[in-house]
Ligand SMILES: Nc1nc2c(c(=O)[nH]1)N(C=O)[C@@H](CNc1ccc(C(=O)N[C@@H](CCC(=O)O)C(=O)O)cc1)CN2
Ligand SMILES: Nc1ncnc2c1ncn2[C@@H]1O[C@H](COP(=O)(O)OP(=O)(O)OP(=O)(O)O)[C@@H](O)[C@H]1O
């Protein structure tokens, strides 16, 4: 874990961590993802009826397949991020079940064809991709600002109900770094799940 990360190092940090997670073997990935899934399923805040935003892992991200299979088996309604244009927002979430068709978006990440969209702020829990996180729940993503712009609602209070959606990062433990610089638009995570367990953070938004 590096102690200090300044803004000019963010680019390098993104590159290093992306490279590092791409170097893991399939066995290491699957083991970590199974362990992380096990931790999530035991979390008391994942209520039975929760509508859950998930994502399809790419670029060496901690795999979400076991997580998606387990949430589907427990009967959760699942949603995937959609960037397809024209949309009135940079990113929406489309309802999806694992048997429904997908097509690649501009980054080659698969997204549902179905157009039953919800705004991210109308979900209960959102499992969030990330490149790095810190002990305060600060998140560094791929740099598109999609999650920050979508979940700005948590700062201005237009959410479904108080305290939602819970934003929960999904990552390898090695993606934790020293304090990340906070940009005014950054939306913090409520928790992170790694192969080592669940970490919760307490902050205002
Ligand atoms: N699996 C997954 N899905 C996700 C995200 C994510 O981080 N992971 N996103 C989280 O926001 C959104 C997509 N955001 C992304 C932003 C940049 C790149 C990316 O590969 N950028 C390239 C340059 C791309 C280009 O402009 O050609 C790069 O940085 O190498 C990918 C996804 C929605 N879906
Ligand atoms: N709420 C917002 N309103 C307007 N622009 C925003 C907002 N949030 C982020 N941005 C823009 O998006 C750009 C990328 O933000 P940032 O580097 O924090 O993305 P990220 O969190 O790493 O990416 P992602 O959320 O896609 O994984 C910023 O430079 C900023 O200009």
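Glycine residues also receive a Cβ, built from the backbone N, Cα and C atoms like all the rest.
Just so you know, TrEMBL annotations never went through curation; they're auto-generated.
The structure displayed is predicted, hence computed values, not measured ones.
Pulled from TrEMBL, these are the features on record:
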{"type": "BINDING", "residues": "56, 61", "note": "substrate binding site"}
{"type": "BINDING", "residues": "139, 140, 141, 142, 143, 144, 145, 146, 147", "note": "ATP binding site"}
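Shown here: features listed in TrEMBL, placed on the structure.
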residue : record                 : Cβ within 10 Å
56      : substrate binding site : 18
61      : substrate binding site : 23
139     : ATP binding site       : 24
141     : ATP binding site       : 18
143     : ATP binding site       : 10
145     : ATP binding site       : 15
147     : ATP binding site       : 26
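Listed in sequence order, the binding-site residues among 139, 141, 145, 147 whose CB lies under 6 angstroms from an atom of ligand 1 come out as 141, 147. In this structure, 141, 143 are the binding-site residues from 56, 61, 141, 143 whose C-beta falls under 6 Å of some atom of ligand 2.
A strand conformation is recorded for residue 139 (ATP binding site) in the three-state DSSP classification. Mapped onto three states, the DSSP output places residue 145 (ATP binding site) in coil.
Candidate binding-site residues: 139, 141, 145, 147. Nearest to residue 61 (substrate binding site) by Cα distance: 141. Distance noted between the C-alpha atoms of residue 141 (ATP binding site) and residue 56 (substrate binding site) is 15 Å.
Residue 56 (substrate binding site) and residue 139 (ATP binding site) are 18 Å apart (CA-CA, integer value).
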